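K.L.:
I have a structure I would like to understand better, so I am pasting it below and will then ask my questions one at a time.
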Amino acid sequence: VQFFCSKCSFFLICSLFSLTSLTLPKLTTSPNLGSGGWSPLDTDRYPWLQVDLGSKKQVLAIATQGCYSSSDWTTKYRLLYSDTQKNWRPYLQDGNFWTFEGNVNSEGVVRHELQYAILARYIRFIPVDWSREGRIGVRLELYGCSYWADVISFDGHGVISYRFRSKKLKIVKDVISLKFRTTAGNGVLLHGEGQQGDYISLELHRARLLLSINLGSNQNGSIQGHTAVTSGSLLDDDHWHSVVIERYRRNVNFTLDHHTQQFRTNGEFDHLDLDYEISFGGLPVSVKPTSGGKENFVGCMEGITYNGENITSLVRRKKVDTTSFRNLTFSCAESNTSPVFFNSTSFLRLPGQTDSDTLSVSLSFRTWNPNGLLMFTALADGWVELGLTEGKITVYMNVTQKKNTRIDISSSSGLNDGQWHSVHLNALENYAMLTVDGDEASTVRTAIPIQIQTGGTYYFGGYFLQTNTRSHQRSFQGCMQMIHIDDHLVDLKAVEQGLIGTFENVSLDMCAIIDRCVPNHCEHNGHCSQTWDAFTCNCSGTGYTGATCHTSLYQQSCEEYKHQGKSSASYWIDPDGSGSINPFRVHCDMTEDVVWTSLRNDLSPQTSVSSADKGNAVLILVSVSCVQMLSVTSSAEYCEQYVAYACRMSRLLNSPDGVPFTWWLGRANEKHSYWGGSGPGIQKCACGIEHNCTDPKHYCNCDADLKEDSGLLVYKDHLPVSQVVVGDTSRAGSEAKLTVGPLRCRGDSNFWNAASFTSPASYLHYPSLRDETSTDVSFYFKTSSTHGVFLEILGSTSFLHIELRAGSVVLFSFGIGTEKMELSVRSPVPLNDDQWHRVEAEKNIKEAVLQLNGQHRMVRPTTLQGHAKPELYSDLSVGASSGQRGFLGCMRALKINGVTFDLEERAKGTPGVNPGCQGHCNSYRMHCRNGGKCVEQYNGYSCDCSLTAYDGPFCTDDVGGYFETGTLVRYDLLPEGGPFALKDVKSLSGVGVSSEANLTQEELVFSFSTYSAPSILVYISSRTQDYLAVVVRHNGTLQIRYSLGGLTEPYTIDVDHRNMANGQPHFVNITRNLREIRLQLDHYPVSTYMLPEASDTQFTLVKSIFLGKVFETGQIDPILIERYNTPGFMGCLSRVQFNSVAPLKAALRSNIAAPVSTHGILVPSNCGASPLTISPMASAKDPWHIEGAGAVFNLNEDKFSGDGVDRNSAVIGGIISVVIFSVLCIMVFVIRHMFRHKGSYHTNEAKGADSADSADAAIIVNDPAFTETIDESKKEWFI
């Protein structure tokens, strides 16, 4: 409803800016007018200023100013309004008594536009706080315009019947509006129905508004059109309430007092079919017998309109039927009741008869609190207390004459429901009676031991005098009316005037009860309960948590569960988090590198389809809705569903041009006539696509009446399969069996949707972000920067801000106007470590929450005025747009209120922001080599080579060392402390050996070059006699020795066909699994050997790794010591790795803490780096050609081959590499020629190719994977 217009901003009272005098309207107090404003007397305990506007007006704004040239002003105030000077209503905003900010001096003017229009004749100005330098003072002005509407009074008998011009109406659009005022909790406001079962009804039920609509149901009951929606509460408060119903087809806007509910009616029909008439105020006589005796409305209505017709105007002009009215009046009678409002510090003291033998008290009350004192009175001997205890009426009578005899009476329950309830306590002679809600049948009677004698003073709502008989009952918070003492109604007007009784902090003629559960701030069907001051949400069974059930308990996808380290299992997922899609259960398969999400159905495999099913659909039911299913498929990279049709004389699809015998329905109930292994628009099966059907004349096996057709449906926009209609099972002998597997999807694009911010001034802008009462923000980030703004949401008067500070603190702040809240969480470890971290922030009507990495959390209650009514739209900036330093790093999976923001798409074309996270190892085909671990960074990626035998940015640089004669390296896998100590070793160096150090499989990899023979290359010892050794024999050939027990002699593998001590680099890979040993030597094919059956398969208590020489205690194979250990290895070793242990790298890198020791001279070496001669082997056949060409990145061929641009880039890159290589070769030749002529360089370059034993050796000599070895004693390298 639009209230603010240029035609409704007139001065409603005197000029605000009068400096010498202020002509005031009629006042009900006696203010001290002075010479420039209103200032109450100091003796007035509860001052207020009342303005009479002369008639009902529409008030839209208020402006205030302090008293002229004084120290008197009002800093905070509240407003009340009324039509009748009775039953005052407080101005509410965001569901609370609104406190306006006033003045800070006497001359400044502060104006407030009201959030909604006040329709009233009387306005009360209530000072709450004022100048510390003076007193309360104000000059004020109200702005608005006149208001007039036809009013009709309904007495419970009269009904307005508006008859249509035609007997029947078929309506697609409705607009109905009215205002009502009543003290009754039940009654029909409007009703219309048709003979076909359509109807619309609006009624009060227990002081709540119930709208019922039915646009049609069918006779067999498969379509049920009934829709019922409730709104509001406490509508029997004798105040005006506005209702607007707007319907277009099945879409309905239901507005009550500025709060709109939007919903869609049930069923499938769009028109409302009404017969003859629609009635207001009750049911027409014609429908009463079938409508269950609903009550007619009692109260007043105004402004009734129906689809453009002003019904109230038609009534005044006697154009509609009003014959049912006994006395039709166009005015609204004043209520005779005067409510009293109590807060926690209120009480009302009233007199009664003294020394009477009869006690009679009755009243009506309404409250939300389960406990509270209603009435207390002292007797001549004892006392009586009437109160609420856990929602029940209780009476305690304490009779001191009988030694503190206590008599308890209780009746009814659940009376703290906000409704009006009456209670009557009567005690006379020797018994007491308690009646609740006028139900005489349930009156509780009890005997009392003596005849009572009244004390004459009654306290209502609380008792705060310091006496010995003070009640321990909690103070009452709520409203009371119709208070009777000794069967006489108390005159509250006389109480207000000070003629009888006294009161403290009581508001007379007002019931300011607030239903904090309407509208319901508990989201996702959370149950709301309340006390007077607050509401709470019970989120049990909703799948959500938090103060308002806003935050999902579950992760958004299987991908996120794997990210948290979970294993394959069934999980609940919630793809849109706090959004409207409910969580649902899926199966997550995490056994592969990719994560699969499976949604299973109820169809058993090989379900038989008999002739009875001819032409009928086989339903495939799943436990999730279409919307839930779509949330999985829409973000998945790929989806598939297996289907199979096993047949005998049951055809499947017919010919590609014919009418299919069988088809299936997918998403949105679309019909499809292709089968697994085929695609949309191709009426074939997999065998028809692959041209391997049993009968080549058909495109499906089953179309030839035999075998089976099966395959995967992979067009995800058509999935899942919801029905399969089988049409050819009626022939004699026909048989078909149907299988529909689960829907399987992989990938979650939302979870990995990322952007990289490479400039602190860059940001992504998203305009027109819709604000909500609850706002949640979540995202992942990584950075190396210590500070920066993650995001800002900026409105004209509100903001939300999240930033990183000091490298370890995340700050979450938000505010409205001048008020601000701030939360911060400090991480115990730095956040600028280039690792992923998660931020979750939420603000709602009750609290604000900030959580970091799922564990560090801060919660604060929200106290800002206005936070429950956010601005309609705000702007979102990811990064800083307000001149601050923006976030520098990578952000992904940004989600606000359940909506994932497409950072990658928005980053395209945005300066300083790049799509994706360049360091994301799975997306950008950049892989670390040789087992290196890819570590993501916002501006690239890095490789963790700590568990490899390599170094360098991509784990491709050999780590090698030159061993002088007698040098050895020892790495202890099993320290002297025993097996238990291995965990410490593992924590230092990442040892990939089990804690028992008993191996049934191992892998040993290394490269070497030497002229020394014989020698020990690698020796792995144990605490038993088990060992593994690789040695170079006297003739330069290689020998592998395995001793695992069970044999009298070690098992040996001799490589006799070539001399390995030729100074050239050689590569060795030895892999064992139980008895099988696989040997890869240089580029030769893998050779397989088997340990004898008598040999053990367990390498027991592996102890140490020796390189170059053995220096070990205990039993050692004497042959090794005698033949190979002296004088020791001299040459170069590199790439040494045993499982995940790199002993040589640990010895050469001082920054690696490891149980390694070195004896002798070990010099770091690249094991040869002189230029290579051109290999005689063609590069296409060279297994090392990729490294030799200088390729660093291991591109993902599956992704790469699908992109023609990438293939072209590879070709161009290869040509460029060849050109560069040729230029380098020419330069090397020229430089070497110059150095030789000058005599300035001396080298002992190995003539490997010339001295090679065979053609194979010559190949390895020139293999780019193996660099030549030079004489390390020269300590020179050619560069």
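Heads up, the Cβ atoms here are built off N, Cα and C, so glycines get one too.
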K.L.:
Quick one: which of CYS890, CYS945, CYS955 does TrEMBL link to CYS917 by a disulfide?
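P.N.:
TrEMBL lists the disulfide between CYS917 and CYS890.
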K.L.:
Do any residues, 6 or more residues outside the domain 'EGF-like' (513-550), come within under 8 Å Cβ-to-Cβ of it, and if so which ones?
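P.N.:
Same-chain residues near the domain 'EGF-like' (513-550) but 6 or more away: 92, 95-97, 208, 231-234, 237, 259, 341, 344, 366-370, 418, 477-479, 572, 574, 578, 582-583, 773-774, 776, 842, 844-847, 849, 868.
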K.L.:
Cβ neighbours within 10 Å, counted over all protein chains: which one of the disulfide-bonded residues CYS890, CYS917 has the most?
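P.N.:
When each Cβ's neighbours within 10 Å are tallied, CYS917 leads.
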K.L.:
Going by DSSP, how much of the domain 'EGF-like' (513-550) is helix, how much is strand and how much is coil, in residues?
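P.N.:
DSSP classes over the domain 'EGF-like' (513-550) add up to 0 helix, 10 strand, 28 coil.
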K.L.:
What does the DSSP secondary structure composition of the domain 'F5/8 type C' (35-145) look like, as residue counts for helix, strand and coil?
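P.N.:
So the domain 'F5/8 type C' (35-145) is made up of 0 helix, 66 strand, 45 coil.
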K.L.:
Over the domain 'Laminin G' (151-332), what does the predicted model average in pLDDT?
P.N.:
88
